[in-house]
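Asker: Questions regarding the structure given below will be posed in turn.
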Amino acid sequence: MSQEFDFTDHSHRRFNPLTDSWILVSPHRAKRPWLGQQETPMKSTAPEYDEKCFLCPGNKRVTGGSNPKYESTYIFQNDFAAVKTDQPDLQVQNSGKDTLKDRLIKVEGVRGNCFVICFSPKHNVTIPQMSIPALEHVVGAWQTLYNDLAKQARDDHKPFKYLQIFENKGTAMGCSNLHPHGQAWCLSEVPSEVSQEFRSFDKYKHAHGADLLGDYVKLEMEERSRIVLENDSFLVVVPYWAVWPFETMIVAKTKVANIAQFSEKQKHDLAEMMKHLTVKYDNLFETSFPYSMGLHQAPLNATGDELDNAWFHMHFYPPLLRSATVRKFLVGFEMLGEPQRDLTAEQAADRLRKLDGDHHYTEKL
Ligand SMILES: [Zn+2]
Ligand SMILES: [Zn+2]
């Protein structure tokens, strides 16, 4: 073997410093011939208002209440919340005798509240089809929720510690309602993904005296091969360690711990990045691109290291691989070994970078 190592041809593993785990990259497999079908781009035929939709303005919800005739964004408590503010205490008893149960069964109670955020009163639009000012309202709604829940935790001792804001878009991600909306689950504990990131931030700071994501932004701006979009406040990259084919991360260029700390300029800049990124996504396979996306930021009322280590960023995890209907599954080796991808992060970034981020493909239909 006298050949040189080629990252676009030879298998390697990449380390994810956020989750402290590895992913397998097999770039030669991306060269397999593709005989799949080509879809015809379609325009959504859904109406702007749907009388059967429980998220449309003025409509009745499943549990009987009804929505106001809202005109921009609208937040309400989830009728089927995964966590509740009130429930009985869970008494956990440890025998102290090192029984098998003491060793292996660990449990804790959890409280909180869940919310639905309607992005727009229009039933038939998605984030890429909304204007930047309309998306600024979405960012504003997230800020309001973050501030309100932090205040309720402080003043009324509500069991709110971490607010996970997210959107599941498309039936491929298990979202059955077309109406543009996201969710926010607020828990009395920091969920696992986030607490793992915080452990990584802390470890990095102790080792290098710097912020992990601050350093990562510097590195990406030097290397540039994984940058998809950029403005004054944010960088959009396909992370070096991306698992999903077209996974991206929107990361603040300078330290900002949470969305409540945003300046008006940062609020605008985030809306702008969300718009252009999601337009590119839709243009990639000329389809309404499904994904799960969410915000990672400081816990509510964070102080000390928790506040100091937090660095605002968003993850987009889209499942599509080659077309509107061919998606990646995390199965087999990925469930039992570790995640694997064919296309490299640099190849995915290059494809996304070259796509139009201003004009949605349906404008041309
Ligand atoms: Zn609707
Ligand atoms: Zn994160």
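Backbone N, Cα and C atoms are what each Cβ position is placed from, and that goes for glycine too.
Note: TrEMBL annotation is automatic and uncurated.
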Asker: Looking at Zn(2+) binding as recorded in TrEMBL, which candidate out of His123, His268, His276 goes with Cys53, Cys56, His179?
Answerer: His123
Asker: Just to be sure I read the record right: His296, His313, His315 are listed as binding Fe cation in TrEMBL. Which of Glu189, Glu197, Glu220, Glu222 is listed for the same site?
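Answerer: Looking at Glu189, Glu197, Glu220, Glu222, the one TrEMBL places in the Fe cation site next to His296, His313, His315 is Glu197.
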Asker: Among Asp79, Cys175, His179, which binding-site residues lie by ligand 2, judged by Cβ under 6 Å to any atom?
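Answerer: Cβ under 6 Å from ligand 2: none.
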Asker: Closest of the recorded positions to His313 (Fe cation binding site), Cα to Cα, picking from Cys56, His181, Glu334?
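Answerer: Result for His313 (Fe cation binding site): the nearest of the recorded positions is His181.
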Asker: List only the single closest residue to His179 (Zn(2+) binding site), chosen from the binding-site residues Arg29, Asp79, Glu197, His315, Lys328 by CA-CA distance.
Answerer: Asp79
Asker: Let me check the 10 A CB neighbour count of Asp79 (UDP-alpha-D-glucose binding site). How many other CB atoms are there?
Answerer: 13
